[in-house]
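Listed in TrEMBL:
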type     : residues : note
DOMAIN   : 15-472   : domain 'Major facilitator superfamily (MFS) profile'
TRANSMEM : 12-36    : transmembrane segment
TRANSMEM : 48-69    : transmembrane segment
TRANSMEM : 81-100   : transmembrane segment
TRANSMEM : 106-128  : transmembrane segment
TRANSMEM : 167-185  : transmembrane segment
TRANSMEM : 206-228  : transmembrane segment
TRANSMEM : 234-253  : transmembrane segment
TRANSMEM : 279-299  : transmembrane segment
TRANSMEM : 305-327  : transmembrane segment
TRANSMEM : 339-358  : transmembrane segment
TRANSMEM : 409-429  : transmembrane segment
TRANSMEM : 441-465  : transmembrane segment
Amino acid sequence: MDSSPAKYLRDETLLLAVISIGVFMDGLDGAIVNVSLPQIAQDFGAEIGLASLVITAYLIFLSGLMITFGKIASYRGAKKIYLGGIAIFTASSLLCALSTGIEMLIIFRSLQGIGAAMIAPTAIGIVAAEIPEERRGKSLGILVAASSFAFALGPVAGGILTEYLSWHWIFLINIPIGVAAAALSMKYIPKSENIPGDNPKQRVNFDYAGSLLFLISVGILIITLGMAGEEGPLSPSVIISLALCAALFYLFYRREKSAADPVLDINIFRIPAFNSSTATYMLIMGAFGGAVLMLPFYFQYIRSWSPAMAGLALLIPSVVITIFSPLGGIAADRYGARVVCIISGILATLGFLLTAFYSETSTIIYIAATLLLLGLGCGPVMSAGASGIISSAPAEKKEIASGIMSTSVYLGTAIGTAAFTAIFSLFTREAGSSVNPGTEAFIEGFMACFIAGTLFCLLATLLAFKQRTKRIT
């Protein structure tokens, strides 16, 4: 049997390639639906508010169940959960394509979100378990690159498929990818010897109440963040929802303290390096999510660019992230995640600050340079931050850390999107319309959003100083 280092590297490369297929499918679906939503609403004769549940339902189940499946994977095995997620995601994609009503589509999108929640944390958990720590940052960077490339490709693919075929194909495209991912995963993902397997006692003691409380809390939080963007952060309904959300999260905290086998071991938050790494990662994701929301409006409303040209402009930071995420992971392996997050955080802070000063007359060179800087700043943090989160967690809590990290991606993005929307609305509502404000009001709101993004990145950079300082070797 060949046990040479070269063989291990070949096995790791195959493993990463296989895992990347599932991560790519997951990332593609997170972005491909948005552009098709108006056509879906029109075909089903649905109001936009109801049709938007196609996206919201997916996001709630995805974000609300990642920690649960990370916990289940810790004693059932990440490979089992990952394969189950691929199967559910692929089957529900077919059901979404065959939906005959908007309510049916929302139900199957919820099921698709459950499958995605099984894929995301276990993909990271498999890498954490099977790739040595000295190469883990590079490996996580490759997964981030696959997800970023899929996220960038999603709107373009969704637009083309919807325009030239039909919206059904944004779901049908997942089927061959899912089948390939399942077949290759069964062959090339090893069963971890560190997982005890199906433990009946742990199954009996599983924290169902904690899992349900977290899902409901996250669901209300995501809905409330959307309300804050539409109604303003100080509206009575938003304040009441936030109070309810806080109460539910408190109940979840109390439950986890008393549960025999909690779905989320809150002791992991006693590790300062884990907390700072998670906060850094979440803040960067929030800032980038808000930027991706606001930039198309600037390109199309202020610069009168076509949707296609706006999409091509957004490819700049996405492609840069795709390239530099693995490089950031390699640097994290060599110098530690702390150094990479600090340097990249500074670049991201500068990128957001310069973007805040976009105007009607900003040159193409200036815009391209700032978009490049956003990618250079955010990309390495995404991989190095992920490496910092996983590396700072004890070995027996890697799967839980993976679930928390995956959840922070979507919650961070949701918070950033809501924050940018609420800030923009505050500035444009006074101008008479947040949908079609005057140019001056738009520029002021846009600047305020990216100043907020600058503060997000600055805080992330400061928190990065609290990450573990020792070199990862």
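Yeah, the Cβs are placed from backbone N, Cα and C, and that goes for glycine too.
A Cβ distance under 8 Å defines the sequence-distant neighbours of the transmembrane segment (81-100), meaning residues of its chain 6+ beyond its ends; these are 22, 25-26, 29, 69, 72-73, 108-109, 111-112, 114-119, 122-123, 126, 168-169, 171-172, 174-175, 178-179, 181-182, 185-186, 189. Ranked by the number of CB pairs under 8 Å to the transmembrane segment (279-299), the listed stretches 12-36, 167-185, 206-228, 409-429, 441-465 are led by 409-429.
By the count of Cβ pairs under 8 Å, the stretch nearest in packing to the transmembrane segment (339-358) among 12-36, 305-327, 409-429, 441-465 is 441-465. Tallying C-beta pairs under 8 angstroms between the transmembrane segment (409-429) and each of 12-36, 48-69, 167-185, 206-228, 305-327 places 206-228 first. Here the transmembrane segment (106-128) lies next to the transmembrane segment (12-36) in space: the count of CB pairs under 8 Å, restricted to residues six or more apart, reaches at least 3. For the transmembrane segment (305-327), same-chain residues at least 6 beyond its ends with a Cβ under 8 Å from one of its own Cβ atoms are 138, 141-142, 144-145, 148-149, 151-152, 155-156, 159, 288, 291-292, 295-296, 299, 367-368, 371-372, 374-376, 378-380, 382-383.
On the 0 to 100 pLDDT scale, the model's mean across the domain 'Major facilitator superfamily (MFS) profile' (15-472) is 81. When each of 12-36, 167-185, 206-228 is scored by its Cβ pairs under 8 Å to the transmembrane segment (48-69), the top-ranked stretch turns out to be 206-228.
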